[in-house]
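According to TrEMBL, the protein has these features:
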type   : residues : note
DOMAIN : 56-200   : domain 'N-acetyltransferase'
Amino acid sequence: MNPPRTTAVDITRAAPTDTAAIAAVIAKAFNPLAVIDWLIPDDEQRAARLPGYFEILVEHAAAQGYIHIAGDLAGVAVWMPRTGSVPDITDYPSRLAAAVGDNLPRFEILDEAFDRHHPASPHDHLALLAVRPDMQRQGIGGQLLAHGLSHLDDVGAAAYLEACDLDSRKLYGEHGFTDLGDPMLLPDGPSLYPMWRPSQA
């Protein structure tokens, strides 16, 4: 097997007008993940519902956090500062219900699990890291991650995330993250891994 190649990319900050395109990239990248299959088991519903769901999150991050784009939307990193009070997503319950339909109960279970495990200490939360399927295994996710962490190191901030599988957990471990408590165990579903990277100041 040939080793993964590395494709160098320019990383820029997203504009508010990019939210739909960013959500589409995340939806395609996340579609095969076990946690997404658990949320929306039906293939057609998953493809139809994920972009609207992720657009809710991306719009909120564009307003309250920051989003990095690799190249021509080869990948994205969605960050939310948690150094103070964070406004709730406007009309989130009704918008979530409209986006995911009868899959709503599992999304509510996931949100509750995220809330239970989220640390109280100040940090920036890497909410989403996604690479377009045709650009994966080229080091783009690692470049996006390193770019964001370099900024956090400059300002002396810690970082938190939830790894969705063992492969992503390994990648994050290579960038200084360690497990924070026990894995999140979703009922009849996969495990997620809360991870923390302390301030490097």
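Just so you know, glycine gets a Cβ as well, placed from its N, Cα and C.
What you are looking at is a predicted structure, and each value in this text was computed from that prediction instead of being measured.
As a summary of secondary structure, the domain 'N-acetyltransferase' (56-200) carries 63 helix, 38 strand, 44 coil according to DSSP. Per-residue confidence over the domain 'N-acetyltransferase' (56-200) averages out at a pLDDT of 96.
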